Amino acid sequence: MFVASKQADEQKKLVIEQEVQKRQFQKIEELKADMQKGVNPFFKVLFDGGNRLFGFPETFIYSSIFILFVTIVLSVILFQAYEPVLIVAIVIVLVALGFKKDYRLYQRMERAMKFKKPFLFKGVKNKAFMSIFSMKPSKEMANDIHLNPNREDRLVSAANSYLANNYECFLDDGVILTNNYSLLGTIKLGGIDFLTTSKKDLIELHASIYSVFRNFVTPEFKFYFHTVKKKIVIDETNRDYGLIFSNDFMRAYNEKQKRESFYDISFYLTIEQDLLDTLNEPVMNKKHFADNNFEEFQRIIRAKLENFKDRIELIEELLSKYHPTRLKEYTKDGIIYSKQCEFYNFLVGMNEAPFICNRKDLYLKEKMHGGVKEVYFANKHGKILNDDLSEKYFSAIEISEYAPKSQSDLFDKINALDSEFIFMHAYSPKNSQVLKDKLAFTSRRIIISGGSKEQGMTLGCLSELVGNGDITLGSYGNSLVLFADSFEKMKQSVKECVSSLNAKGFLANAATFSMENYFFAKHCSFITLPFIFDVTSNNFADFIAMRAMSFDGKEDNNAWGNSVMTLKSEINSPFYLNFHMPTDFGSASAGHTLILGSTGSGKTVFMSMTLNAMGQFAYNFPANISKDKQKLTMVYMDKDYGAYGNIVAMGGEYVKIELGTDTGLNPFAWAACVQKTNATMEQKQTAISVVKELVKNLATKSDEKDENGNSISFSLADSNTLAAAVTNLITGDMNLDYPITQLINAFGKDHNDPNGLVARLAPFCKSTNGEFQWLFDNKATDRLDFSKTIIGVDGSSFLDNNDVSPFICFYLFARIQEAMDGRRFVLDIDEAWKYLGDPKVAYFVRDMLKTARKRNAIVRLATQSITDLLACPIADTIREQCPTKIFLRNDGGNLSDYQRLANVTEKEFEIITKGLDRKILYKQDGSPSVIASFNLRGIPKEYLKILSTDTVFVKEIDKIIQNHSIIDKYQALRQMYQQIKEY
C-alpha cells in the first residue's frame with residue numbers, strides 16, 4: 001500500500017515536472033520568436049527578487065538588526081532608556097514601508113548620501129567635483145569621474161618624475177589611460193532613418209547592435225552610451241538672393257527658421273577596459289616604474305593597448321552601418337586638439353570648446369571643467385553658471401519602473417523632445433561563471449521569499465537563453481539630464497519628458513533626492529548611479545537604438561556653395577536641401593531632380609520657393625570659372641500659369657504664348673545675333689543648324705513621315721535649297737523682320753507649285769495671311785533673352801495644339817540647350833509629361849539629362865501624374881539620370897508606378913500616400929531618404945499667393961504687366977494680394 005502510494009506520488013511529480021518543462025520550452029520558444037521580431041522581455045525577477053530577504057533587501061534586514069541591537073545595548077543596558085529604542089524601531093518601520101512602496105529606496109539613499117553627507121563617505125563628493133573642476137594630467141583626465149569604490153587613487157606624487165619621462169608609453173591616438181588604470185576609447189555613431197526604413201530592415205540593422213554586446217562577456221569591459229541632443233541655431237538671414245522678392249521672401253523664411261527650435265542628435269559609445277584585472281597587484285605603485293620592472297610593465301601595457309584597439313576596431317566593424325567615427329586627436333594651426341577630450345568636457349555642462357592636448361606637456365592647457373564655473377542643486381532642478389556668466393538650468397529624470405518588454409523604439413519619444421538633454425546608459429557585462437552564480441543566487445532567494453512558480457519558470461527560461469548564448473547579462477544604469485536656457489522651459493521639458501516615458505509604460509518622475517547622482521553619472525560613471533540592476537544584452541541594445549537621421553544633407557561646400565535652404569526634419573534636426581549629389585565646391589555634380597506631387601500637395605509652392613532660394617547662386621564662384629560664365633540663369637517651363645506671379649515678382653520675363661497672337665519669336669534674328677558675337681564657330685554653326693531644322697519641320701508639317709520622322713515627299717533638292725536660303729538670310733547683313741515672308745519671296749518661282757517650298761511655308765507667312773503666321777514670322781527682335789536671371793514660359797495655350805506645339809517646343813528647348821554654356825543654369829519643367837510628349841523635345845531633354853552636368857546645369861522635372869510621365873519615351877532615362885527625387889503627398893498613387901520610375905520602397909510609398917502634409921520625402925541616390933517639412937506658417941500670406949498663382953488672378957497680373965506706368969511689378973502684386981478681403 002505504502003509502496004503504491006509512493007510510486008503514485010513519484011509518477012505525479014514526474015508528470016508535473018514534464019508539464020513544467022513543456023511549458024518552459026513553450027515559453028522559451030515564444031521568447032525566441034519575440035526576440036526575432038525585436039521584442040525583448042525584461043526579466044524583472046533580476047530587479048528585486050534576488051536581492052531581497054523576506055520581502056526586503058537583505059542589507060536592510062542585516063543593518064536594521066545591527067542598529068537595533070546597538071541601540072538596545074547603549075540605551076537599555078547602559079542607560080536604562082527605552083525611548084531611543086522606540087524611535088529607532090519607528091524609523092526602521094517607516095523605512096520598511098518605503099521599501100514596500102519603492103524597493104530601490106535603500107540603494108538610492110545609500111548612493112545619494114555620498115553627495116549629501118560626504119563626511120560619511122570619505123572623499124567621494126570631493127573627488128567627483130575635483131574630477132570635473134580641477135586640472136588633471138592630460139591622458140588620465142576623465143575617469144576620476146568614474147570613482148570605483150573598490151579602488152584607491154594611488155597615482156602618487158612620488159611617481160611624478162617617472163611619469164614625466166615615460167607617460168607617453170600609455171598614450172595612443174583615440175585612447176586615454178585614466179588614473180584608475182582603465183583605457184577609454186569613444187566612437188561617434190550615426191543614426192538610422194527609422195521613419196523611412198522598413199521594419200524588416202530596421203530589425204536586421206538592430207541585430208548588429210545585439211551582436212556587439214554578445215561578443216563582450218567579461219567584466220573588464222564597460223560600455224557607456226550617450227545620446228546627446230544639442231540645440232542649434234539656423235541663421236541664414238545674411239544670404240543674398242539677388243532679387244528683391246527673393247530677398248524679401250527668403251528673409252521672412254530664414255527669420256522664421258532662426259526662431260525655430262532645431263536640434264542636433266549625436267550618439268557616442270565609450271568603451272572602457274579595466275587593466276587592473278590583468279595585473280598581479282590590486283593597484284600600480286612606484287615600484288612599477290623602477291628600472292628593473294618598468295620595461296616589463298611597459299610591455300604589458302602596450303600589449304593591452306593593442307588588444308583594446310583591436311576590440312574597438314571589432315566594434316566599429318560590427319556597427320559599420322552606423323558610420324562609426326573614432327574620436328581622435330587633430331591638428332589645427334600647429335596645435336594638437338583632442339576630439340575625445342572635447343566630448344568628455346562637453347558632458348559637464350553641454351558647452352562646446354576646443355580642447356588642447358599637447359603631447360609635450362603632461363598637463364592640460366585648459367581645465368577639465370567644460371566651461372562651467374559653478375553648479376547649484378535645488379529640489380528638482382539645478383543651475384549651471386558658466387565661465388562667461390551665462391546660465392543653464394537642468395533637471396534629472398528618474399525611471400522607477402520599466403515596461404514589460406523592450407524594443408528599439410523604446411526611447412523614440414525622448415529623442416523627439418523639444419529639449420536639450422544627455423542620456424547616458426551604462427552597461428557592464430558579466431562573465432559566464434558570474435551569471436551562473438547570479439541565477440543560482442536569485443533562485444534561492446525566490447524560494448526563501450516565497451516567490452511564485454511564474455518567477456521560477458522565468459528564471460529557468462533566462463538560464464536556458466544564457467546557456468545557449470542567445471543573450472548575456474550585465475549590470476545597467478542610466479542618467480537622463482535635461483537642459484534649458486530658462487526655468488520655465490526646464491519645467492515644461494520635464495513635464496513633456498515624464499509624460500512621454502509614462503506613455504511607453506515607464507514610471508518616471510523628476511529626480512529629487514538623487515539629482516546630484518544623476519548629474520555626475522552622465523560622465524561615464526557607475527558609482528554615482530542611484531540604481532543599478534541586471535538586464536540582458538538585448539535590453540541594453542534596445543535602450544541605445546540609434547534611431548534618428550543619418551543623412552542631413554550638406555550645409556556648405558556643395559557644388560554651387562551653400563545648401564539651397566534648410567528644412568526641418570521629423571526629429572527637429574536641420575535638413576540641408578541640395579539638388580546636387582554631395583561633392584566639393586566647384587565640382588561637376590549631377591543635380592537633376594524629379595519632383596512628384598498630386599494636386600494640392602504644394603508642388604508649385606515648393607518649386608517656386610526653391611527657385612527663389614537658388615537666386616543666391618548668382619554669386620560666389622570658384623576661381624577657375626571665367627568671368628563671362630559667372631552668372632546664373634533660371635528657366636521655368638510653366639503650365640496653367642502656376643508660377644506666373646512668382647516669375648514676375650522675381651523681376652523675370654514671363655513669356656505667354658497664346659494661339660493666334662504674335663509670339664515675338666524670331667529664330668532668324670537670334671541666329672544672326674549669334675553670328676555677330678564672340679561665340680565659337682561651333683556655336684555659330686549650331687544656331688544656323690537649329691533654324692534650318694526648324695524651317696524644314698515647318699515645311700514638312702503636313703507630309704507623311706517615315707519611322708524616323710522624316711518626310712517621305714520632301715525632296716533632297718528642296719531640302720538643300722531651303723537650307724541655303726536660311727543660311728544666306730541669317731549670315732547676310734539684312735533686316736530680319738518677317739523672315740518667313742523673306743524666304744517665300746526668295747522662292748518666287750515656286751508660287752504655282754502646290755508641293756513647292758512657297759506652298760509649304762505659306763501657312764507660316766504673314767504676307768500670305770497664313771494660319772500660323774503668328775508663330776515665327778515676326779519683327780527682328782527675338783523675345784527670348786537668356787541673359788536675364790529668370791525667365792518663365794507658359795505652355796498652357798499651345799501644349800495641347802499638335803499643329804504648333806512641336807515647333808514651339810523645338811525652338812524653345814533648342815534655345816535652352818544653347819544657353820547651357822557653362823554658366824550656372826536651372827531648367828524647371830512643370831507638368832513635364834506634356835512637354836515630353838513631343839519626340840523632339842524628349843530628345844532634347846534626354847540629351848540634357850545626360851550631358852548638362854558637364855555644362856554646369858541642372859534639370860528639374862515635375863508632374864502631378866506619375867502615370868503620364870511613365871508613358872513618356874524617355875521614362876527610363878529620367879529614372880537613371882535624376883539622382884535626386886522629391887515626393888509630395890499623393891493619396892491616389894500606385895506602388896508599382898513609383899517603383900518603376902523612382903525605385904520607391906513600400907515604406908516610402910506608405911509615407912507618400914499617408915504621411916506628407918506640407919512635407920517632402922527626399923530621396924537621393926546613395927543616401928537614406930528623409931522626411932522634411934517646408935511649413936510656411938508665419939510667412940506673409942501675400943508672399944505665399946505670389947509663389948503659386950491661382951487662375952482667378954491671371955488677368956489681374958496681366959493688367960499689372962501691361963501697365964507700363966507700373967515700374968515695380970513686385971510691389972504691385974504684393975499690394976494686389978494685400979487688398980483682397982481674405983487678408
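Glycine is no exception: its Cβ is also placed from the backbone N, Cα and C atoms.
On a predicted model such as this, the values are computed, not experimentally measured, just so you know.
These come from Swiss-Prot:
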- G597, S598, T599, G600, S601, G602, K603, T604: ATP binding site (BINDING)
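The Cβ of G600 (ATP binding site) has 10 neighbouring Cβ atoms from other residues within 10 Å, across all protein chains displayed. Working note on the binding-site residues G597, G602: by count of other C-beta atoms within 10 Å of each C-beta, G597 ranks first. With a cut-off of 8 Å between CB atoms and residues at least 6 apart in sequence, the same chain places Q864 near T599 (ATP binding site), listed in sequence order. For the binding-site residues shown (S598, S601), fewest C-beta neighbours within 10 angstroms: S598. All chains included, 23 other C-beta atoms sit within 10 angstroms of the C-beta of T604 (ATP binding site). Neighbour density for K603 (ATP binding site): within 10 A of its CB lie 26 other CB atoms from the protein chains shown. Summary of the ATP site environment: with the site residues G597, S598, T599, G600, S601, G602, K603, T604 set aside, the chain residues having Cβ atoms within 8 Å of the Cβ mean position are Q864, L888, R889.
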